[in-house]
Amino acid sequence: LGHGSGGRLSAELLGHVLLPALGAPPDAVAEDAAVVTVAGAELVLTTDAFVVDPLVFPGGDIGRLAVHGTVNDLAMMGAAPVALALAYIIEEGFPIADLRRHTASAGAAAAEAGVRIATGDTKVVGRGAADGLYVTTTGLGRRLPGARMSAGAARPGDAVLLSGPIGRHGMAILGARESLGFEAEIASDTRSLHRLAAAMVARGGAALHAMRDPTRGGLAAALNEIAAASAVGIMIDEEAVPVPALVAAACDLLGLDPLHVANEGCLVAMVAADAADATLATMRATPEGRDAVRLGTVVADHPGRVVMHTLMGGRRVVDVLVGEQLPRIC
Amino acid sequence: MQDAGERVASRIEIHGTVQGVGFRPFVYRLGRDLGLDGWVRNDGGLVVMEAAGPAEAMRALPARLRADAPPHARVHEVRIGEPRGRAPAYGTGFRVDPSSPANRVATGDDLARIPPDLGMCDACRTELLDPSDRRHRYAFVNCTDCGPRATILDELPYDRERTTMRSFAMCEACADEYADPADRRFHAEPIACPACGPQLTWRAAAGDRRGDDALDAAETLLRGGGILALKGLGGYQLVCDATDQAAVARLRARKHRPAKPFAVMVTGPEEAAMLAGLTPAEVALMTSAARPVVLVARRVGGPLATAVAPGTDRLGLFLPATPVHHLLCADLARPLVVTSGNLADEPIAIDDGDAGRRLGGLADGFLGHDRVIRSRYDDSVVRVAAGRPSVVRRARGYAPEPLGLPFPAPEPLLAVGGQLKHTFTIARDGTAIVGPHTGDLERQDALEAFTTSLRQLCRVAGAEPRVVAHDLHPGYLSTQYATALPLTRVAVQHHHAHVASCAAEHGITGRFLGVAYDGLGLGDDGTLWGGEVLLADLRSYRRIARFGRAPLPGGAAAVRRPARMALGYLFGAERLGDGPRPPLEALAAPLLRRLPEAEVGTVRRMVSRGVNCPAASSAGRLFDAVAALLGLADNATYEGEAAVTLETHAAAHGAAPALPWRLTTRDGLVVYDPEPTLHGALQALRDGADTGSVAAAFHATLAAVTVAVCTRAAERHGTAVVCLSGGVMQNRVLVESLVAGLAAAGLTPLVNERVPANDGGLSYGQAAVAAARGRGE
Ligand SMILES: [Fe+3]
Ligand SMILES: [Mg+2]
Ligand SMILES: [Zn+2]
Ligand SMILES: [Zn+2]
């Protein structure tokens, strides 16, 4: 099973195995979180499992990541986080001190985000049945008034906005795990994005069509998901893609494409053209969106496909990765 | 006076490439000569005639239709039947009738055959240069023996009104020639003259011009070292003075093409012979109607700028295919660089607006014209190896001429090819049409060019595919395109498709050994292959031998940087021997010293930790590694650059004894262990051997390994035919020693001739496999 890297195989696992097994219609749009209406109130529910290796990395640890990832999934659906539930699967022999530390860090991240960790669960499994610590986080949020975004709602003409530089989380993790020499220099961008998202909803409202946090599979996967779910094409400019110099250098050394590298602290949004400038200004006024940029445009051409104007002057298809990276060059 | 009783009447359908090649005029003259009454016409993709005449003449007719056909016609089949209506009456004479459009039924069970473009003929060239001729210096001279065909065709049958020439009304003089059976332009569909035909146009910052002035402006630009965008037959080209180092360097910089050799156009074979040593076979190819770029042995010294073809002893030379090319060459009296009007790996521009946008920053002026290019056909590239012509890029002048399939396709099929050097193939029954070359599918323009020309070719040829064949690689955009089609799918392994392309060309229907050496292709075990020997037929295969594996540090990054590939072998080559590892690293000190320390360290770590290091059993990657270890190429700016450099050094040295090598067995496969070879090469270098001798020895080693594997397999499996294919088989030194070695071992080596051994031939191989598999199992 090579389905873990957030690429085409992950999408296939979801589309061909998981959704059908749950009786979902085959064309169901896979969102980051689900909207559930309870007694007239629009609630948003999400759950995520975190299996990051290593547990501690520059810029964060599994506790912070678990909170941020879940808060962000709620935020991408336009929800203010209300409460989180935390479940641990712990390998026998895992140091108590480390457990305390990751939990404290989850608590701190929740406090920063203004969300309560309301409940939790722990299970200990035998040595080798798990690798250290796995965390599953469930999040409940209340959908903000006027939030209507969905991965399937991008429209031709929309501006593609990105809240900040890409590639830091994935490279920080890889560097820390494999000691590749740049681990001291690149820190993860992990953080909560719900305040940024709320500001955008307040400013954009109905003009805010789609929003995603480009986590596993990177910006390429997030854009491809939106293009597919909305049956639109997306054109971006390579020149506009913000890649920190250290990330670019590390990617070059490792033969990775920054567009495929995971992020935990930025979002991409499809916004109606006439609201784009105002939304961008709103984003830049927040700490999380200070470096926001306009990446490109949603188009009617090549539905389902993301294409990039390259620095060399051509147009390149931006595809999602197929499992582990298999070169297509002959 | 004849008696009516001695007369015979027939309807004859002529199948094959019979339109756009002067076939109706030929039948007309033949009918007259034989004293027949009746008519001939284009009907769908066929030529149909009904004729009545003396029994003896009518008996001779079918054979004459085949034997005396015009030079560019390919008569596939002559079907004789009863006239549909009343037999032509005695004494009514023989005539050319208006075409019967798009009568698909008349094409029977074959794909309609679209005539490829034909290079300017001698008669037209004489007129072009004759001051007293009314077409003197007219850039669109053509006749029934030459001129545009596939590039201007909308629809069959091939008649002026179904080409982009329909917007030019013939003047009286042209109309007379067109209607005169004695004229060589009798039914020349793109007939034109300065009074009625297309005109040259010039666009540049300094202002626009037309006709002769346009040509003058272009020539002034070229004389001054400028870069010209020229609207050619099958697309825009970029042109500059091949003797002007600064101009060629500028073109390289603007095109982002630092080193890949440029093709050079010269007026005639004499001029060609001054730049290169030519064999008669090469001259014949160069002067053939297809006018391909021919890869030949470059002469040392000479007037060409060194930037034209750095790092190789080969040179791509070709002769003008069209009058405007001829005029440019003759007027400027110097060789010209002529290259595709595109950025690297993108399709050639054909639309005027698109060319303006895409080439605006590359060219200093545009020499265009007002005839529309309907279909994109880049220049073809051919070379002679082991005494046989073989096509490296099959485009203008060759495509879309059909090829045969050993097993007819029971259902119409489409084969979508690979990812780079992309082509597709459509096939029905025994006929396969390989489409034009579209470049790297990762380029959006290439993807669009692929789908556009696929639709167009299917429509014109009358194909409605029901089956689609594709590669196993899920990341190829061609595979993704295929899997989205509502058709029956046939997945064909990359290297099986390669060797099948060779077998199918040669009509092999039984078992054969397939040697597939290329860069990378996805194997049926999910790993990357590229140095494979298969026991195969057109339906299926079994892998019987492979190269040892090595990691690709950084995946595609290792392909672009052979130095990394060398590190991959040094740090992580598959362990196949017993005993201790030979001290490769110590011997490779020059490489390790040359590379940035941080890179060496990171790559070492990547290999040991398996970070983005897919392993491949690739012959092409081994060539890259050896080129880097020899200090010949750390980077590759185009596909195969390192291997080309290695081959060039080997060729310059000549024959050499093989380096050490070892065959072993893993999981039932014979495996070539490159470790002793690398060790031997590095030791020889350390001991002062020159790079040429080591490069030559390496080639000799791979030939020896391959001959040994094939000899053993041939004995065991009882088959003597060996099909050699894959991109590495573009290496002449290797192919020639392989062919000689296999033949000396009593085997029958076959190489690709009509489709490329590189990935440009994959779609044809996929089609051959899908057709063979489709035969009721
Ligand atoms: Fe290949
Ligand atoms: Mg998530
Ligand atoms: Zn002619
Ligand atoms: Zn005329």
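Each residue's number is its place along the chain shown, starting with 1.
Placement of Cβ uses the backbone N, Cα and C atoms for every residue, glycine included.
As given in TrEMBL:
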ACT_SITE  B:Arg24  active site
ACT_SITE  B:Asn42  active site
DOMAIN    B:9-98  domain 'Acylphosphatase-like'
DOMAIN    B:212-397  domain 'YrdC-like'
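Cα spacing between B:Asn42 (active site) and B:Arg24 (active site): 8 Å, rounded to the nearest whole number. Secondary structure of the domain 'Acylphosphatase-like' (B:9-98), assigned with DSSP and counted as helix (H, G, I), strand (E, B) and coil, comes to 24 helix, 36 strand, 30 coil.
Each residue in the domain 'Acylphosphatase-like' (B:9-98) has a pLDDT score, and their mean in this model is 91. Spatially close to B:Arg24 (active site) yet at least six residues away along the chain are B:Val40, B:Arg41, B:Asn42, B:Val47, B:Val96, B:His187, judged by Cβ distances under 8 angstroms. The 10 Å shell around the Cβ of B:Asn42 (active site) contains 28 further Cβ atoms across the protein chains shown.
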